[in-house]
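Positions annotated as domain 'Major facilitator superfamily (MFS) profile' by TrEMBL: 1-392. Look at TrEMBL and you will find 7-30, 42-64, 76-95, 101-120, 132-153, 165-184, 214-235, 241-260, 272-292, 298-318, 338-356, 368-389 tagged as transmembrane segment.
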Amino acid sequence: MEKSKNRWAILVAAIVINMSLGAGYAWSVFQAALLKANPNWVLSQTSLAFSISFAMVPVGMIICGPIIDKHGGKKIVLLSGLLFGLGMFATGFATSIPMLYLTYGLILGLGIGAGYGTATSLTVKWFPDKKGLAGGLTAAGFGSGAIILAPIATNMINSIGIQTTFKILGGILLVVICTASFWMSKPPVTASTATVTTNENDKNYKQMLKEPNFWLLWVVYTFAATSGMMIIGHAASLAEYYSLGTGTVIVMIVGLSNTLGRIIWGAVSDRLGRYVTVLLMFIVSATGLLLLNFNESLGTAAGIIGLIFIPSSFGGFLGSFPGITAENWGASKAAANYGWMFTAYGIASIMGPSIASKIREASGSYSLALIISMVMALIGALLILWFMARKKTTAVNKEA
């Protein structure tokens, strides 16, 4: 009974950690304020800070993954809190674009990677009997960070300015994450192996990287995450451009959709299977991009629906790929292996926001960026169908 209570406390702590780290998803609120406070800065410059930040997430996961698998993650989450909090705090002193890239991009991003991967993988190990629930709730915590922070940050920016807001939020989130880190203990062997065993098909990242199926899924994941990162990074700007409402409200809608998508698509996955669900999410994402692109002729409601469809699918993709990675290459090295798979997310973090900002600056419109993302979603759907066919052929050959 004590162990059961303890693991639920660990789950709550992991959700708090990921919710704090998920504050990074509120970037578009910060970006709007930074552009107003620094007239010489342009959208493509500030957007790159967001891209660098989330491109650093898989780097942090790759560095920390093997340590988590062997020793647990209490100290890693503590380090995560220090990096994330100090990165945000130092952003309050950023007076140049390079300094913004260093503080919000590099330092804060590494903090997210170290903490997010650790909190999620440790929690799943504590719940071998409820992996879907534990993984879904911790992932939802990360997605919900923007829902909570966006209105708070907006009010703070309006009253005390963007620089002071960064400093205060950095200090608060540092304390919250570092405090929660003390619950991040490694489960005893009996808890983690009660229903999970290492089998001969488990592979480490070096073996995984040699397999064509890894690279096929990596491309699928890249295409899956690109549109979501584009929308998250430009939510407030998209709201203004398409007259969909205030930036803060749209950021909250996007954050809520991202959060619920991880839970709802997880339930769909339990019924239909991961790969069919990934296919459906690509279709929903492409539909959302189409609605958003043509919302001026279809109406505001179409644009809002589009901004619900795209991040909800994005959240579902992020909830699906840890399980897909473990299914194909085993659970024993899951944290390290997923860190490498998650580099697809890092590439998408650069591609999505950068495509949008460059096209917006060049043409004055987001339309072409949305069309490119829609094409990527459709290609992703075809690629996951190809992967499913390859997997089926392999299974038939093994039986023969």
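Heads up, the Cβ atoms here are built off N, Cα and C, so glycines get one too.
Those TrEMBL annotations? Automatic predictions, nothing curated.
Since the structure is predicted, the reported quantities are computational estimates derived from the model, not experimental observations.
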Could you please provide the mean pLDDT value for the domain 'Major facilitator superfamily (MFS) profile' (1-392)?
-> 88
Can you find at least 3 Cβ pairs under 8 Å between the transmembrane segment (214-235) and the transmembrane segment (165-184), where each pair is 6 or more residues apart in sequence?
-> no
For the transmembrane segment (101-120) against the transmembrane segment (7-30), do we get 3 or more Cβ-Cβ pairs below 8 Å once near-sequence pairs (under 6 apart) are dropped?
-> yes
Report the listed stretch (42-64, 272-292, 298-318) having the maximum count of Cβ pairs within less than 8 Å of the transmembrane segment (7-30).
-> 42-64
May I ask you to check whether the transmembrane segment (165-184) and the transmembrane segment (76-95) make contact, with contact taken as at least three Cβ pairs under 8 Å and only pairs 6 or more apart in sequence counted?
-> yes
Leading stretch by Cβ pairs under 8 Å, where the reference is the transmembrane segment (42-64) and the options are 76-95, 132-153, 241-260, 272-292, 338-356 | 338-356
Positions on the same chain near the transmembrane segment (368-389), where near means CB under 8 A and six or more residues out | 213, 216-217, 219-220, 223-224, 226-227, 230, 275-276, 278-279, 282-283, 285-286, 289-290, 292-293, 352, 355-356, 359-360
